[in-house]
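Q: Pulled the feature table from Swiss-Prot, pasting it below:
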type	residues	note
BINDING	Arg429, Tyr567	dolichyl diphosphooligosaccharide binding site
CARBOHYD	Asn574	N-linked glycosylation site
CARBOHYD	Asn581	N-linked glycosylation site
CARBOHYD	Asn585	N-linked glycosylation site
MOTIF	629-636	motif 'DK motif'
SITE	Asp72	site 'Interacts with target acceptor peptide in protein substrate'
SITE	Arg183	site 'Important for catalytic activity'
SITE	Glu375	site 'Interacts with target acceptor peptide in protein substrate'
SITE	Lys632	site 'Interacts with target acceptor peptide in protein substrate'
TOPO_DOM	1-38	topological domain 'Cytoplasmic'
TOPO_DOM	60-142	topological domain 'Lumenal'
TOPO_DOM	182-192	topological domain 'Lumenal'
TOPO_DOM	230-234	topological domain 'Lumenal'
TOPO_DOM	252-256	topological domain 'Cytoplasmic'
TOPO_DOM	283-290	topological domain 'Lumenal'
TOPO_DOM	311-326	topological domain 'Cytoplasmic'
TOPO_DOM	348-380	topological domain 'Lumenal'
TOPO_DOM	404-409	topological domain 'Cytoplasmic'
TOPO_DOM	427-430	topological domain 'Lumenal'
TOPO_DOM	453-494	topological domain 'Cytoplasmic'
TOPO_DOM	516-735	topological domain 'Lumenal'
TRANSMEM	39-59	transmembrane segment
TRANSMEM	143-161	transmembrane segment
TRANSMEM	164-181	transmembrane segment
TRANSMEM	193-212	transmembrane segment
TRANSMEM	235-251	transmembrane segment
TRANSMEM	257-282	transmembrane segment
TRANSMEM	291-310	transmembrane segment
TRANSMEM	327-347	transmembrane segment
TRANSMEM	381-403	transmembrane segment
TRANSMEM	410-426	transmembrane segment
TRANSMEM	431-452	transmembrane segment
TRANSMEM	495-515	transmembrane segment
Amino acid sequence: MGGKSEPAKSESMATKPDLLNTSFFSFKSLKLKTKQQELLLRISILGLVYILAFIARLFSVLRYESMIHEFDPYFNYRTTLFLTEKGFYEFWNWFDSESWYPLGRIIGGTLYPGLMVTAALIYWTLRFLRFFVHIREVCVLTAPFFASNTTLVAYFFGKELWDTGAGLVAAVLIAICPGYISRSVAGSYDNEAVAIFALLLTFYLFVKAVNTGSLAWALASAFGYFYMVSAWGGYVFIINLVPLYVLVLLITGRYSMRLYIAYNCMYILGMLLAMQIRFVGFQHVQSGEHMGAMGVFLLMQVFYFLDWVKYQLNDTKLFQTFLRITVTSAILVGGVAVGVGTASGYISPWTGRFYSLLDPTYAKDHIPIIASVSEHQPTAWSSFMFDYHILLFLFPAGLYFCFKRLTDATIFIVMYGLTSLYFAGVMVRLILVATPAVCLISAIAVSATIKNLTSLLRTKQKVSQTGSTKGAGSSKASSKVTLDQSQPFQKNGAIALLVGVFYLLSRYAIHCTWVTAEAYSSPSIVLAARGAHGNRIIFDDYREAYYWLRQNTATDAKIMSWWDYGYQITAMGNRTVIVDNNTWNNTHIATVGRAMSSYEDDAYDIMRSLDVNYVLVVFGGVTGYSSDDINKFLWMVRIGGGVFPVIKEPDYLVNGEFRVDKGASPKMLNCLMYKLCYYRFGELTTEYGKPPGYDRARGVEIGNKDIKLEHLEEAYTTSNWIVRIYRVKPPTNRL
């Protein structure tokens with residue numbers, strides 16, 4: 001009966017149309033092979049990571065508005081706006097008379113144009129595609145866009161260093177790492193916005209060239225280096241790390257034609273391209289920071305020559321003699337060349353910032369203007385934990401795996417990681433440079449660990465075991481039983497460790513999101529605080545003051561302030577400034593520092609010599625804003641005293657302590673900066689239960705409440721007293 005039913009069933013099925021096998025409903029045709037599934041999964045993950053890296057940097061736009069952050073980005077925005085309106089030729093030959101009065105500044109020869117040109121190209125492309133956006137919006141979103149591009153480079157770099165898994169993990173880690181997000185949020189329109197992408201791209205292309213020996217990859221790395229040179233002065237790190245890496249490979253006996261092709265092409269073409277940047281020019285072959293790369297380049301030619309001679313000679317003793325003579329001659333010639341070049345002035349000495357990286361105390365002792373910048377300070381341990389979280393612990397594990405599988409590529413990433421972490425410890429700003437290396441090495445640790453643990457889960461558990469064995473076979477059977485019994489424990493341990501790994505990664509994601517939202521997405525030009533009832537208070541005093549300058553002062557008015565605010569005054573106030581954030585002329589900045597730290601009569605003479613019309617100071621005594629000019633005042637004294645010996649720091653201290661209360665020094669209580677900040681402040685009650693004139697930023701009652709101004713008059717004070725502007729009176733008539 002069953003035999004008859006089967007044919008009937010088959011016939012009935014044959015008469016019905018098979019919808020699943022038709023061309024429209026065929027799912028079999030959609031079935032992908034294993035490699036295709038992996039490719040689709042990789043592309044999907046990278047797409048999600050790309051989007052994640054972009055949207056994670058938009059907190060500031062959502063919380064505030066689309067605006068430029070910090071100080072330097074305002075100069076970059078102003079120059080980009082000029083480029084898009086006037087064209088590249090005018091931009092390249094632009095003399096800016098609104099900065100560094102009366103000296104002015106040649107813009108084209110004193111900046112790295114890569115960021116501006118990149119944003120302008122994006123803007124012109126969008127306009128060509130009929131997306132009519134303002135250049136400011138392009139500038140605001142340039143950093144998130146290139147951060148997303150950096151995740152793709154991190155993926156390919158990790159894949160080249162280790163495997164596909166390491167590349168994917170590296171892309172995820174760097175997408176949300178606070179160490180990178182700190183300088184790539186929306187509105188952070190600074191050189192690092194594109195420079196970190198260029199840095200990682202150059203390293204990836206160079207390692208690819210070393211691994212393959214391909215001339216095309218070597219040339220690509222040279223163009224990547226050119227883009228890095230055009231974008232940021234941190235290119236010096238590349239031109240010193242790559243030769244150091246090549247030198248290590250030569251010393252360890254890893255010389256190869258692949259290395260020869262990669263380095264020579266990258267150095268020669270990269271050098272020629274870099275010299276086209278006016279700000280770099282012949283420094284690439286004359287400054288001390290670049291001499292190491294040239295020395296390694298010449299050493300490579302000696303290695304190649306010796307390798308060729310060794311191939312031609314059959315006599316080992318003769319080659320050893322020739323080797324000693326050649327090496328000795330090369331060392332002597334190189335030493336003489338360096339000595340003559342240095343003595344003649346052809347080779348310029350290292351810059352102060354380069355010295356400060358090798359000796360952290362150098363800037364404080366010799367160049368206080370470098371030490372005065374907060375991002376040039378040494379890094380605290382808490383900053384590493386804040387910016388890296390669990391990557392601090394994954395980094396050593398990644399180094400272990402790299403040393404375990406040592407290749408030309410892993411040697412490079414180890415050197416990159418160790419050197420960049422050292423420099424990050426010397427200067428907090430360079431945490432940004434170390435972040436890609438930390439993420440890549442940590443990704444290797446995560447990928448290798450997960451791969452080892454999942455391999456334990458894939459092991460097949462034996463079901464049958466031999467019950468009885470005799471003779472020599474009994475010991476073999478017992479060992480099998482022991483192994484089989486240990487497998488469940490290994491699998492349980494692997495599962496527990498995997499859960500722990502993913503838990504730590506989830507905590508890393510939560511930490512990164514919190515840091516991004518709370519610490520790195522607040523523009524310094526608009527301040528925010530929480531009120532007594534938890535309500536959000538916005539202090540928009542900076543833009544209020546700059547708007548007042550733009551609307552209420554003459555177009556040719558000269559504004560004197562500390563150099564921190566120069567770029568913002570020029571970009572938003574559209575007025576001429578005495579000094580700004582370029583800090584190229586230490587004497588000019590010292591003159592402003594001398595004026596701020598002098599008595600009013602002496603300061604007035606200095607201001608008249610500079611044709612100053614208005615003086616702007618930042619004061620946080622009312623709101624508790626600690627980054628004001630009073631807290632920066634000692635740097636003004638140090639920088640001014642470095643050029644003008646009449647300014648002495650001990651005159652402003654009491655027993656080595658900086659004070660603004662009644663115990664402050666007479667010079668401090670009567671200097672121009674003190675007067676301008678605390679003028680009329682003695683009449684103001686800032687906090688309940690505190691006397692009038694209580695400074696909330698320093699937590700003391702000021703020492704001089706009866707301040708009278710003779711040569712200046714108050715022109716404008718913002719609603720929260722954060723920015724105060726004073727008009728310089730014309731000289732009185734004299735008989």
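Every residue gets a Cβ built from N, Cα and C, even glycine.
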Q: Say we define neighbours as other CB atoms within 10 Å of the CB. Which of the recorded sites Arg183, Lys632 has the fewest?
A: Lys632
Q: Check the transmembrane segment (193-212) against the transmembrane segment (410-426) for contact, please; criterion is three or more CB pairs under 8 Å, pairs 6 or more apart in sequence.
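A: In contact, yes.
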Q: For each of Asn574, Asn581, Asn585, count the other CB atoms within 10 A of its CB; which of these glycosylation sites has the top count?
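A: That would be Asn581, with the highest Cβ count within 10 Å.
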Q: For Glu375 (site 'Interacts with target acceptor peptide in protein substrate'), list the number of other Cβ atoms lying within 10 Å of its Cβ atom.
A: 13
Q: Do at least three CB pairs under 8 A connect the transmembrane segment (257-282) and the transmembrane segment (431-452), leaving out pairs fewer than 6 apart in sequence?
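A: Contact between the transmembrane segment (431-452) and the transmembrane segment (257-282): absent.
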Q: Would you kindly give the Cα-Cα distance separating Asn581 (N-linked glycosylation site) and Asp72 (site 'Interacts with target acceptor peptide in protein substrate'), rounded to the nearest Å?
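A: Here the two Cα atoms are 7 Å apart.
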Q: Given pairs 6 or more apart, does the transmembrane segment (410-426) have at least three Cβ pairs under 8 Å with the transmembrane segment (291-310)?
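A: No, the transmembrane segment (410-426) does not contact the transmembrane segment (291-310).
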Q: Can you see whether the transmembrane segment (381-403) and the transmembrane segment (495-515) are touching - at least 3 CB pairs under 8 angstroms, only pairs 6 or more apart in sequence?
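A: Result for the transmembrane segment (381-403) with the transmembrane segment (495-515) is yes.
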Q: To the nearest Å, how far is the Cα of Glu375 (site 'Interacts with target acceptor peptide in protein substrate') from the Cα of Arg429 (dolichyl diphosphooligosaccharide binding site)?
A: 5
Q: Three-state secondary structure of Asn585 (N-linked glycosylation site) from DSSP?
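A: Asn585 (N-linked glycosylation site) sits in coil per DSSP, no helix or strand.
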Q: What does the DSSP secondary structure composition of the topological domain 'Lumenal' (427-430) look like, as residue counts for helix, strand and coil?
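A: Its residues fall into 3 helix, 0 strand, 1 coil.
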Q: Excluding the flanking five residues on each side, which residues at least 6 beyond the ends of the transmembrane segment (164-181) place their CB within less than 8 Å of a CB in that stretch?
A: 38, 42, 45-46, 49, 52-53, 56-57, 147-148, 150-152, 154-158, 196, 386-389, 391, 431-432, 434-436, 438-440, 442-444, 446-448, 450-451, 508-509, 511-513, 515-516, 519-520
Q: Nearest to Arg429 (dolichyl diphosphooligosaccharide binding site) by Cα, among Asn574, Asn581, Asn585, Lys632 (recorded positions)?
A: Asn581
Q: Any idea what the model's mean pLDDT is for the topological domain 'Cytoplasmic' (404-409)?
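A: For the topological domain 'Cytoplasmic' (404-409), the model's average pLDDT rounds to 94.
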